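S.K.: The structure is given below, and queries will be raised subsequently.
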Amino acid sequence: MSPFELEFEGLKVQIGSIEGFEPRGEGPLPCPTVSDLADWDRKLFARYRVIAFPICDMCCMCTYGRCNLAEGRRGACGIDIRSNTARFTALKTCIGAACHAAHARHLVEYILEKLGDVEIDLGSEVDVMTPIFETLVGFKPKTVSDLEKGLEYIERELTKVLSSVHVGQEMDPHDYESKALHAGMIDNLALEIADVAQIAAFDMPKGEAPLVEFGPFAADDSKPCILLVGHNVAPGTEVLDYLEERGLDEEVEVLGICCTAWDVSRVDDRSKVIGPLSRQLHYVRMGIADVVVLDEQCIRADIVEEANEVGSRVIATRDLVMAGLPDVTDEPTEKIIEKMVSGEWMGVFIEDLEKAAEVAVEVAIRVHERRKKEIPQPDPKKLQKEAKRCLGCGDCERVCPNDLPIVEAMERAANGDFEGLADLFDRCVGCARCESECPTKLRVMNMIEDAWRLRTKEEKYKVRTGRGPIKDVEIRQVGGPIVMGDIPGVVAFVACPNYPDDVKQVGKMVEELLERNYIVLTSGCTAMALGMYTDEDGKTLYEKYEDRFDAGCLVNTGSCVSNAHILGACIKIAAIFAKKPLKGNFKEIADYILNRIGACGVLWGTMSQKALAISTGFTRWGIPIVYGPAGLKYQTLYIGDLDGDWTVYDARTGKECKEYCPIHLKYAAEDWREALVQAVKLCIRPNDTPQGRQTKLQNYIELYKEFYNELPPDLPLYVRDKNDVPITLRDEVMEYLEEVGWKPRKGITEPTLLEENVRG
């Protein structure tokens, strides 16, 4: 029952809103606009140079064009290439933010309609439940309907930023980047609204989570299988509800690819997480699914065609992804089921989620036995025969984003050796461009997958499903050690599986950091990639390391929207440990994170506009980002400029000094070793105590020497005096520092970029 709905015998009274009960933003700056935070952005750009990497020199945005902007030229509207590149950064960030905003809007409205105005409760150990919302919107939401205030703010600001990319609007590259930061920041708010709403409504884990089975062979293919693909858990919850109502919980397998997989496993841990986005085409072609249910985001544009080819029926459920399918929402349920079972309708769009769930379950049950007999299994003879059709032209390798040695693998397969093809599976990003280029139309991905299946037989792992928020008690225990530097850092491995090489490289980085006592958080497709990394005993990192927000522990927060809890943990350190007020207080909180909390994000396989929005938002809050090499295609990085303004004030005394950390805000690494070194370095903060700085520098120096066989050349930037130098490395480091003319300097106790924070 709604809190504004009264029911008596024979009478129901509904009250829309009560005068005086409307929550209002409080604090210095509730619901800040672009211009409200432009001065904070300028402080960032005064030290971090915006480096542009335009993908194309041409601008085709209006009918004046196309205009060549190369070599200092300007377009017909007057724009230059730097501003145009920044404009596209803002545009792509808006696209990503719009995805999460639409997702959050749908979840909130769906929950209000289906369950009423649910109270927001993230468990007894989480009191600061919505740190991003409180910091930006200015009040603490109590029920799901309160979250609509945040959505209104998001939609208002997103519309403004998007309008700025129109011809004849913004013209300055830094102001475009400022707008990109704004869109990213409100994207982070959308993440929190979506995840908090679904945790409250669907009783997801609240700070702890079980281990679940992971991988395509975790599915019991002797049962009817429903495969959920996308990011919005609402259709999946309806499937689970229908199965429970019918008593079919144990009779039908519910599987998931991408973030829907994490979220449905958070609702019911009997569901199976089978793989990330990069495996979507592979696993659809395997024919595991009797029915594929689509919701939204990260869905391949050819999924309907690919699913139908192996006899899987497809049901689209969101108007964001109608997929050209007939809208049968208003058709009788039994008619839809009959036509899908017969194959007359191989794919349909059903916007009514309850009906979609019923159809999915009933169709899966009825087609399963027939489909099971039709699914082809890997055949070594057929695989060898296909490999012999390869011309060795190399067209596939030229378009492969990872330059995989496909031709060599085909030659080996033609001679009956399939190991080369099988080895490509973990390095394949699943784009299938090789197949589009092949003059003989070889199904290259199928061949790679078949070779892998012949070798693997059965691949099952254990992963920890998403646990959602970080508990307040965890923040109290580690807030001090993080701020002082005794815990060397908090590193988040997030985003897409567009890895530049073997998927297991992510696991190598994470394990190295865990062994060095960093707190590691993960989410989304990267959290799945970690599940594929095992030790010699076959154990995954989730089985080896504890699920706690503490030194040397590994936390999976959940799906992409759960990234809000990663940022939220940093905000909660400011609120719980430092007693900073949150409401409407973005600048002070971001300043605290930038100067005192050693946190960093690694997006090793970044691909989507959503990942750009998430990461760009994090940088505005003061959390630096390391991309993989694909991050260059986002077109702008924020690289430290040693000639910039690195002035930091001591809030106690007003004393000024230069502190060159974190040295970058957005960085792209060429290989995993460079990414690991940068992640460690970007956890260095002005607030580090001598002991904390020693710990951080020891990790930085040891890794740099291991990979590059020399001391880091930028050590003088981070050594304030000899007490910062690790004892075991002191002689070597001090000798080097003296050679390069380093001079000791004093640190400060309360670093801030904000002059208004100075008390002395």
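The count begins at 1 with the first shown residue.
Cβ atoms are placed via backbone N, Cα and C, with glycine included.
Below are the features I grabbed from Swiss-Prot:
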type	residues	note
BINDING	CYS56, CYS60	[4Fe-4S] cluster 1 binding site
BINDING	CYS59, CYS62, CYS67, CYS77	[4Fe-4S] cluster 2 binding site
BINDING	HIS100	CO binding site
BINDING	HIS231, CYS259, CYS298, CYS496, CYS525, CYS560	[Ni-4Fe-4S] cluster binding site
BINDING	CYS390, CYS393, CYS396, CYS438	[4Fe-4S] cluster 3 binding site
BINDING	CYS400, CYS428, CYS431, CYS434	[4Fe-4S] cluster 4 binding site
DOMAIN	381-410	domain '4Fe-4S ferredoxin-type 1'
DOMAIN	418-450	domain '4Fe-4S ferredoxin-type 2'
S.K.: If one measures from the C-alpha of CYS60 ([4Fe-4S] cluster 1 binding site) to the C-alpha of CYS400 ([4Fe-4S] cluster 4 binding site), what distance in angstrom results, rounded to a whole number?
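M.R.: Roughly 27 Å, rounded to the nearest whole number.
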S.K.: Within the same chain, where does the domain '4Fe-4S ferredoxin-type 1' (381-410) have neighbours whose Cβ lies under 8 angstroms from its own Cβ atoms, ignoring anything closer than 6 residues to its ends? I mean 6 or more beyond.
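M.R.: Long-range Cβ neighbours of the domain '4Fe-4S ferredoxin-type 1' (381-410): 416, 418, 420-421, 423-424, 427-429, 431, 433-440, 442-444, 447-448, 450-451, 454, 498-501, 630.
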S.K.: Counting only residues 6 or more past its boundaries, what in the same chain has a CB within less than 8 Å of a CB in the domain '4Fe-4S ferredoxin-type 2' (418-450)?
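M.R.: Distal contacts: 277-282, 285-286, 378-380, 383, 386-387, 389-391, 393, 395-402, 404-406, 408-412, 456, 497-499, 501-504, 532, 605.
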S.K.: Give me the long-range Cβ neighbours of HIS100 (CO binding site): same chain, 6+ apart, Cβ under 8 Å, in sequence order.
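M.R.: Counting only residues 6 or more apart in sequence, the Cβ neighbours of HIS100 (CO binding site) under 8 Å are ASP187, ALA190, LEU191, ALA194, CYS560, VAL561, LYS610, ALA613.
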S.K.: Whole-number answer please: how many Å between the C-alpha atoms of HIS231 ([Ni-4Fe-4S] cluster binding site) and CYS59 ([4Fe-4S] cluster 2 binding site)?
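M.R.: A Cα-Cα distance of 33 Å.
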S.K.: Quick one: give me the count of other CB atoms within 10 A of the CB of CYS67 ([4Fe-4S] cluster 2 binding site).
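M.R.: So the Cβ neighbour count for CYS67 ([4Fe-4S] cluster 2 binding site) comes to 19.
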S.K.: State the count of C-beta atoms found within 10 angstroms of the C-beta of CYS390 ([4Fe-4S] cluster 3 binding site), not counting that atom itself.
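M.R.: There are 20 such Cβ atoms around CYS390 ([4Fe-4S] cluster 3 binding site).
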S.K.: Take the domain '4Fe-4S ferredoxin-type 2' (418-450) and count its residues per DSSP category (helix H/G/I, strand E/B, coil), listing them in that order.
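M.R.: Each residue of the domain '4Fe-4S ferredoxin-type 2' (418-450) counted once, the result is 21 helix, 0 strand, 12 coil.
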S.K.: Work out how many Å separate CYS400 ([4Fe-4S] cluster 4 binding site) and CYS438 ([4Fe-4S] cluster 3 binding site) at their Cα atoms, rounded off.
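M.R.: Cα of CYS400 ([4Fe-4S] cluster 4 binding site) to Cα of CYS438 ([4Fe-4S] cluster 3 binding site) measures 12 Å after rounding.
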S.K.: Three-state secondary structure of CYS396 ([4Fe-4S] cluster 3 binding site) from DSSP?
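M.R.: Assignment for CYS396 ([4Fe-4S] cluster 3 binding site) reads helix.
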S.K.: Could you tally the C-beta atoms, other than its own, that fall within 10 angstroms of the C-beta of CYS259 ([Ni-4Fe-4S] cluster binding site)?
M.R.: 32
S.K.: Can you check which residue among the binding-site residues CYS56, CYS77, CYS431, CYS434 has the largest number of Cβ atoms within 10 Å of its own?
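M.R.: Its Cβ has the most other Cβ atoms within 10 Å: CYS434.
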S.K.: If you count other C-beta atoms within 10 angstroms, which of the binding-site residues CYS59, CYS60, CYS62, CYS393 is the most crowded?
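M.R.: In terms of Cβ crowding, the pick is CYS59.
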S.K.: Quick check on the binding-site residues CYS298, CYS400, CYS438, CYS560: which one has the highest count of other Cβ atoms within 10 Å of its Cβ?
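M.R.: Top count of Cβ atoms within 10 Å goes to CYS560.
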S.K.: Using the Cβ center of CYS400, CYS428, CYS431, CYS434 as the [4Fe-4S] cluster 4 site position, which other residues in that chain lie within 8 Å, going by their Cβ?
M.R.: CYS396, VAL399, PRO401, ASN402, LEU404, ILE406, VAL429, GLY430, ALA432, ARG433, VAL444, MET445
